């Protein structure tokens with residue numbers, strides 16, 4: 001006869017097995033894979049890429065004077081915004097004690113996020129668990145038509161040969177494209193690997209921001225909107241081109257159109273999208289605020305160091321069988337299509353290593369055969385070292401909030417760069433939180449405190465926490 005504790009453990013394992021079976025039936029994940037090898041040498045090599053070369057003269061050129069001025073502007077902007085990030089008090093993620101398994105958290109976040117009986121556990125005892133099991137039994141491998149967004153805009157890329165799409169949800173009555181009449185500002189959302197604006201997490205995050213009065217736009221990476229893109233490739237871990245292009249378009253709109261108000265812009269993203277957001281902020285430095293009116297950002301599942309992480313995603317067993325396998329299925333399908341469309345179907349093409357792609361059994365192998373070749377990286381290690389957001393943290397100038405989970409099965413559990421945050425004494429206005437549980441982008445089955453029960457919660461815990469930070473920043477900067 002089982003004890004109550006062992007019985008509950010069996011229930012949790014049953015949940016996990018059911019969800020894993022759903023994954024095996026062909027559902028795609030909305031998360032980000034990464035990569036790892038030779039730790040110390042790779043980190044020092046990566047850091048050296050961003051350190052200035054030694055000078056042999058004391059003469060200051062015009063270019064270096066500009067660099068000094070930019071560094072001073074960055075420092076001043078960081079000093080201005082650091083107290084805002086530092087003073088924010090995160091809330092505690094408190095999942096039901098038998099629903100803390102990292103894989104259960106990760107996979108349920110894909111399938112059950114919109115179910116209020118799963119996002120939050122409000123009933124004690126077996127009653128709440130029974131509702132979760134009922135929700136699991138009602139999952140079916142079919143694509144639902146998403147009617148969440150108000151409109152979609154197709155935007156041509158600067159090269160004129162490709163496009164990306166932006167889905168828009170207005171917080172109030174539509175004033176004009178990209179802006180409603182009374183919104184506080186705009187949140188630009190960036191999705192994860194092989195995800196899109198229709199994923200449950202994209203719409204859940206958008207719902208949280210809408211509640212606080214922000215218009216929400218979600219950039220679909222090239223090839224992720226339901227229609228193939230028009231050039232080889234599409235996007236990758238460090239692909240900030242489309243986000244930067246869209247920021248430029250928004251700045252041009254308020255400069256050239258008197259009816260388009262200059263309102264604050266905030267950035268948000270998850271997993272690969274989190275990496276893109278953080279990298280973009282690091283690239284822009286103080287110009288994120290001064291040129292593009294970006295007031296802050298909030299992300300979840302930031303990879304930090306892809307080279308460290310990919311060995312965990314690709315680890316033999318559950319991770320490789322469920323997570324890597326699902327990603328590789330869609331990535332290989334995309335690569336085959338692009339071979340047929342842009343390489344005349346020639347498996348000997350020089351554009352990428354087709355045979356390497358099709359024989360890849362890990363994300364690392366795919367990145368080496370496809371991403372590195374298409375985008376001009378030396379190999380997958382060069383790709384990871386140049387694109388991981390960890391190396392761009394020192395350049396962040398606006399308040400940034402990052403939520404990761406200690407038990408994220410995609411990431412190296414030994415690495416969390418708290419020293420780069422305000423709580424670690426760093427200059428950049430970055431607030432980092434690492435919860436004990438949550439998996440990769442899960443943060444499900446949260447038990448509400450009395451105070452939390454008094455607040456309307458139309459979205460799950462993590463999106464609500466990200467929205468709370470952006471709202472806090474908005475009130476402070478205003």
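Backbone N, Cα and C define each Cβ position, glycine as well.
These numbers come from a predicted model, not from an experiment.
As annotated by TrEMBL, signal peptide applies to 1-26.
Annotation comment: TrEMBL describes 187-446 as domain 'AB hydrolase-1'.
As annotated by TrEMBL, active site, charge relay system applies to 271 (among others).
As annotated by TrEMBL, active site, charge relay system applies to 408 (among others).
Per TrEMBL, active site, charge relay system is recorded for 440 (among others). In the shown protein chains, 31 other C-beta atoms lie within 10 A of the C-beta of residue 440 (active site, charge relay system).
Around residue 408 (active site, charge relay system), the same-chain residues six or more apart in sequence whose CB sits under 8 Å from its CB are 102, 106, 301, 438, 439, 440, listed in sequence order.
All chains included, 29 other C-beta atoms sit within 10 angstroms of the C-beta of residue 271 (active site, charge relay system).
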